[in-house]
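Student: Straight out of TrEMBL:
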- B:32: active site, nucleophile (ACT_SITE)
- B:34: active site, proton donor (ACT_SITE)
- B:32, B:34, B:253: Mg(2+) binding site (BINDING)
- B:228: substrate binding site (BINDING)
C-alpha cells in the first residue's frame with residue numbers, strides 16, 4: 001500500500017523518503033539501547049538474525065537507488081518470471097484483498113502457482129490480527145492458505161523477541177491490538193497493556209503518580225485504534241526508566257487501508273508518538289526492514305535470489321524486496337497508480353509492474 | 001561545583017561573584033513556567049518573593065511557556081491562583097504563538113483550523129478571529145470502521161495546529177491526518193516539540209513532541225514550530241518591550257527549548273535545575289547546549305541579591 005504523500009511529492013518529500021529509508025536500514029542494525037551495556041538481550045543471536053547467513057548483505061539503500069533504472073517495465077512474460085523463482089511473497093492489502101473483498105482472479109492465480117510447485121508466503125504489516133486470525137480471513141474468502149504461510153508483523157514482533165532470547169521472566173508492554181497479544185502468548189511471553197488499556201484514564205493533578213511495572217523489558221508498538229495518553233505514558237516510562245528496555249515497532253506505515261474507501265492513519269503514527277516522547281529510535285520488524293525476509297529464508301531454507309516479492313506499496317513492499325535482494329513486482333490493484341510509479345519524484349523502481357496478480361494467468365495464456 | 005571558565009563560552013554557576021554583573025546588565029527576565037515557576041499545579045519555593053523583588057528593582061518580567069493547553073488569560077489565572085500577580089500581556093504561551101503565526105501570515109478568516117490540543121489554543125484562535133474545530137471535545141469521539149462508513153473531514157480546514165493533548169485519540173489523529181494529506185495547502189503547525197514535561201509535580205509526562213511526532217508519522221511532513229526554541233515569539237516580545245536582546249536573560253529548565261531559544265535570539269541564558277534537567281545531564285559530555293549560567297532555582301536570586 002502506498003501512501004500518496006510519499007510518491008506524489010515534491011523533492012522535499014522524496015528526501016524524507018530517503019531519510020526514512022536509511023532510518024529503516026539503520027534501525028535494523030541498531031543495537032538494543034545502550035543504557036544498559038550488559039543487557040542480557042544484547043546477544044550475538046540478535047545481530048545474526050538481521051545479517052542473513054550466506055546471502056551477500058544488501059548494498060546501502062542510497063547506492064541501490066542511484067543505480068535504479070529510469071522506470072520499471074510492465075510484466076510481459078509471466079512464465080519467465082514464474083520459472084525464475086521458487087517462492088512468491090505476497091503482501092495482502094491491495095494485492096490479495098481490498099478491505100474485506102477479494103481481488104478478481106486471486107484464487108485461480110494462487111492455485112496455478114501452487115500447481116507449478118511454487119512456495120507461497122503472505123507477509124503483511126498489519127499487526128491487528130495474529131497468523132491464526134489471518135488464516136481465518138483467508139478461509140472466509142475461499143482461499144486455500146495455511147497459517148504457517150502467513151507472516152504478519154504481530155508475529156514478527158514475537159519472533160524477534162524469540163530470536164534475541166528475550167527472557168521469559170521479563171514482560172512486554174503492548175501499545176497495539178489483539179494480534180500482538182496473541183502472538184506473544186503463543187511464543188510464551190508475558191504481556192501487559194493492549195486494547196484494555198484503551199479504557200484507562202489519567203488525571204493530571206497534584207499528588208497523582210503513575211506506576212509502571214519495572215519488569216517490562218520491551219515495549220512493542222503497532223497500529224492502535226485505542227491509542228490514548230495512558231498508554232503513551234506507560235510505554236514512555238518503561239522505555240525511559242527500565243534499564244535496557246527495548247522499543248520495538250511492528251511497522252511504520254504512515255497510512256493504511258482499514259476500509260477500502262479511504263486511507264487511515266497507520267502504525268507510523270503510534271510509533272511516531274513514542275519516538276517523540278522518548279527521543280529514541282525503534283527496532284522495526286515489519287516491512288521494509290528485512291527481519292521477516294531473513295526469518296522466512298532461514299526457516300524455509302530459501303535463497304533470496306529465488307524469491308519474488310509482490311506488493312502494491314513502493315516504500316514498504318518493494319523496498320522490502322529490494323533490501324532483501326529479491327526480485328520485485330508491483331501490482332496496481334492497491335494504493336499505487338501508474339502515474340505515481342512513473343513520477344520523476346519516485347525513486348523506487350520494482351523489476352516489473354502489472355495490473356493485478358491474475359495477470360499471471362492471462363499473460364501466461366498469451367504466450368502459449 | 002563551579003566550572004572555571006578558561007574559554008569565553010563555558011557556563012558558570014551563578015554566584016555572589018558573578019551575579020551583580022549579570023543583574024545590572026539585564027533589564028528583562030524571561031521565565032519559562034513549568035519547572036521554573038511551578039511544577040504541575042504546585043508553586044516552586046521562593047518564586048513569589050523573587051518575582052516581587054525583581055519587580056521592585058525595576059526589572060521587566062516576561063513569561064514564555066511552551067505549554068499550549070492554556071491561553072494567556074488562563075495562564076494569568078493560574079498565576080493569580082498561586083498568589084503571583086502578573087498581567088496577561090506579560091505572558092507568551094505557545095497557544096498565543098500559534099494564533100499569531102496565522103495572523104502575521106494572513107491566514108484567511110474563511111478557512112478553519114483543526115486543533116489537536118487544549119482549550120488554550122481554541123481560545124487564542126477565537127481572539128485572533130479564527131474558527132477552531134476539534135480541541136478537547138473531540139476527545140470523546142471515536143471512528144467507525146465498517147465498510148460503508150466514510151470518515152468525513154471539513155474540506156475548508158486550512159491549518160492543523162498540534163500541541164500537548166492528554167486527550168489524544170485515534171479520531172483526532174485521523175482527522176488531522178486527512179486535513180493535512182487531502183486539503184490542498186493545509187498547514188501543519190506545532191505549538192512546540194517538548195518530549196516530556198512536569199504536567200504533575202511528581203513525575204514527567206509525554207509532551208506535545210509526542211502528538212506532533214504522531215502526525216509527522218502519518219503525514220510524513222515536518223511542522224512549522226512556533227514555540228521554543230523557535231524564535232518566532234521573540235518578535236512580539238521585542239515589539240512590546242523595546243529592549244535589546246542583549247539586555248534580556250532567558251531563565252529556563254530545559255536545554256533544547258529554553259536555553260536554545262535564548263541563544264538563538266541572542267539573549268543571556270540561565271538554566272535552573274528545578275525542572276527536567278539535572279546537573280549530571282547538564283555536565284554530560286554528550287550535551288552540546290551550554291547556558292551562560294546555571295543555578296538550582298529561581299529563588300537563588302534572593303540569596304544572591306542579599307549577599
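Positions of Cβ are set from backbone N, Cα and C atoms, glycine also.
Curation plays no part in TrEMBL annotations; they are all automatic predictions.
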Student: C-alpha of residue B:253 (Mg(2+) binding site) to C-alpha of residue B:34 (active site, proton donor): distance in Å?
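Tutor: Residue B:253 (Mg(2+) binding site) to residue B:34 (active site, proton donor), Cα-Cα distance: 8 Å.
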Student: Looking at the recorded positions B:32, B:34, B:253, which one has the fewest other Cβ atoms within 10 Å of its own Cβ?
Tutor: B:34
Student: Per DSSP, to which secondary structure element type does residue B:34 (active site, proton donor) belong, with helix, strand and coil as the options?
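Tutor: The three-state answer is strand.
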Student: Any idea what the Cα distance is from residue B:32 (active site, nucleophile) over to residue B:228 (substrate binding site), rounded to a whole Å?
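Tutor: Cα to Cα, residue B:32 (active site, nucleophile) and residue B:228 (substrate binding site) are separated by 10 Å.
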Student: Can you give me the Cα-Cα distance between the residue listed as 'substrate binding site' and residue B:34 (active site, proton donor) in Å, rounded to a whole number?
Tutor: 13
Student: Ten-angstrom check, please: count other Cβ atoms within 10 Å of the Cβ of residue B:228 (substrate binding site), all chains counted.
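Tutor: There are 32 such Cβ atoms around residue B:228 (substrate binding site).
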Student: Enumerate the residues of the same chain, B:32, B:34, B:253 excluded, that satisfy the criterion Cβ within 8 A of the mean position of the Cβ atoms of the recorded Mg(2+) site; list them in sequence order.
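Tutor: Going along the sequence, the neighbours appear as B:33, B:35, B:36, B:37, B:65, B:197, B:198, B:252, B:254, B:258, B:272, B:275, B:276.
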